[in-house]
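Feature annotations, reproduced from TrEMBL:
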REGION    1-26  region 'Disordered'
TRANSMEM  33-53  transmembrane segment
TRANSMEM  110-132  transmembrane segment
TRANSMEM  153-171  transmembrane segment
TRANSMEM  199-222  transmembrane segment
TRANSMEM  234-253  transmembrane segment
TRANSMEM  293-313  transmembrane segment
TRANSMEM  325-344  transmembrane segment
TRANSMEM  356-380  transmembrane segment
TRANSMEM  400-420  transmembrane segment
TRANSMEM  427-452  transmembrane segment
TRANSMEM  458-476  transmembrane segment
TRANSMEM  483-508  transmembrane segment
Amino acid sequence: MSTGTTPRTAPEPQGAPEQDGGSRRRKPRFPSAFTVLVAVTVIVWGLTFVVPAGRYDTKDGAPVPDTYHTVDLATGFAGRLKDLFLAPVNGLYGVTNEDSGLTAPGGDGAFFGAAGVFLFVLAVGAFITVTLRSGALTSGVARLAERLHGHRTLLLVVLTALFSLGGTTYGMAEETLGFYGLMVPLVLKLGYDRMVGATVIMVGAGVGTLASTVNPFATGVASDSAGIGTGDGIVLRLLMWVALTALAAWYLVRYANRVRKDPGRSLVEELPEDEELRRQEAAAAPLTVRQRVVLVLFAATFLFMIFAVIPWADLGIGFLPTLGWYFPELAALFIVAAVAVGFLSGLGEKGTAEAVVAGAGDFIGAAVIIMLARGVTVIMNNASVTDTVLHALHSVVSGTSSGFFAVLMFLVNLPLAFFVPSSSGHAALAMPILAPLADFAGVSRSVVVTAYQSASGWINLITPTSAVVMGGLALAKVRYDRYLRFVAPLMGMLLVAVAGFMVLGAALG
């Protein structure tokens, strides 16, 4: 999953020659998601002194059109300063008082903080890390590639679909970096170039994340912030995933076949070691019984998560029980699954415990970002400016068609995705404002969630601030400008396809 926090890339080029007493001229860097959100927190807090306070009347948690009115805010400067100080804490376990409408740690009222999401992210991190340490995923991909070695086109399609499946289910991102050493030699032996090896992984997982179905770091966080279930809108997202994955696979296969027939049409230069890699013969080690069991359990865990969050009754499927699971139950599922994978893979008690803790630690950045973003919402809510912003946006989109509104939500999220590269932080920051707009437009909030994650996934396919993009290209030894030349036509196709699905989603309600 993409957190936008700690990059794991190849070393960067050396800086300029030393000047002025040995100081080095450093290349400007885009600020991390943490820095962006801290800056947003302070800026939003300052704007609450300028933006007038106001509220909508609500019905079943949704704002009622034409009921916006200004309100007098009783909270003084000291109270607002306290809100700024406690913003991260409120973002984790703040409670909203039913009488005053203010959110603060502890007390009586409705729980507002992101503690459930926070724990869920750590649980998923533990599960993924334990599975990776078992070696089952990399061994499974290697064995699959060996079996399909004689069926080049089928192999590319299957591998693209597998990486896309990882993207759509759990936001596979940094985890892909371990596959480049396997994939590049494989495609070179098949007569392709390094671009094919890089993009089967990068575009495959990226398109899957763009069309997330149950990705907890995008769909899950956004749905929670929008006040809907993760399973809401899953039919549209499944259709998107199938269609966009097929589009990506077709695009990759077309380029790969063109290069194989005429190597001169390759977008990347031949490296001295490429010919040696083509001649190497290395058979993949057979999967052990433990690894087979781990792969089955890994797949079964995500399949059960999908089953547990889908509102089957709302889809007219009465013979399947609607479990209605949410983040507490899902967190427990992944914790239990992580422990089970650890013991079944032979890590033992100590190895399993270390992997669980390490996995949770790897994902703590994403969890903290969610907490910070939720804290921004608390500041806005306590100052009663959330509805004021919503009212201003409503006046902009008022009178537009539902299809135009859905496409507009996608376009609005594109710059947000660039400035807040963390998919989780973007969701927690934008959804409390954008999701209620869907109520005014007569569109399901799930369409806004789909628009957000599509924009985030689209931007993260090409953003140079992404450790996944730049790290993957460095490992594959593919230049960024050549990658942009390769992916530019596909980006245009994806843009048109996503817009079409947004219109379809709005039409379906």
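Placed from the backbone N, Cα and C atoms, the Cβ positions cover glycine too.
Heads up, TrEMBL stuff is auto-annotated, nobody curated it.
Recorded stretches compared: 110-132, 293-313, 356-380, 427-452; the one with the most Cβ pairs under 8 Å to the transmembrane segment (33-53) is 356-380. Sequence-distant contacts of the transmembrane segment (427-452) (same chain, at least 6 residues past either end, Cβ-Cβ under 8 Å): 37, 40, 62-63, 65, 114, 117, 218-219, 221-223, 225-228, 232-233, 236-237, 240, 369-370, 373-374, 376-377, 380, 386, 389-390, 393-394, 397-398, 400, 402, 405-407, 409-410, 412-413, 416, 420, 501-502, 505-506, 508-509. The transmembrane segment (356-380) is in contact with the transmembrane segment (110-132), judged by 3+ CB-CB distances under 8 Å for residue pairs 6 or more apart in sequence. When each of the listed stretches 199-222, 234-253, 325-344, 458-476 is scored by C-beta pairs under 8 angstroms to the transmembrane segment (483-508), 234-253 comes out highest. When each of 199-222, 325-344, 400-420, 458-476 is checked for Cβ pairs under 8 Å to the transmembrane segment (110-132), 325-344 comes out on top. Here the transmembrane segment (458-476) does not touch the transmembrane segment (325-344). Their Cβ atoms form fewer than 3 pairs under 8 Å, with each pair 6 or more residues apart. Beyond the transmembrane segment (234-253), the same-chain residues lying 6 or more positions past its ends with a Cβ under 8 Å from any Cβ of the stretch are 153, 156-157, 160-161, 164, 168, 196, 199-200, 203-204, 207-208, 210-214, 219, 306, 309-310, 315, 446-447, 450, 454, 489-490, 493-494, 497-498, 501, 504-505, 508. Remote same-chain partners of the transmembrane segment (199-222), defined as residues 6 or more beyond its termini with a Cβ less than 8 Å from a stretch Cβ, comprise 1-3, 117, 120-121, 124, 156, 159-173, 176, 179-180, 183, 187, 230-231, 234, 237-238, 240-241, 244-245, 247-249, 251-252, 302, 305-306, 309, 327, 330, 366, 370, 423-424, 427-428, 431, 449, 452-454, 456-458, 460-461, 468-469, 472-473, 483, 486-487, 490, 494, 498.
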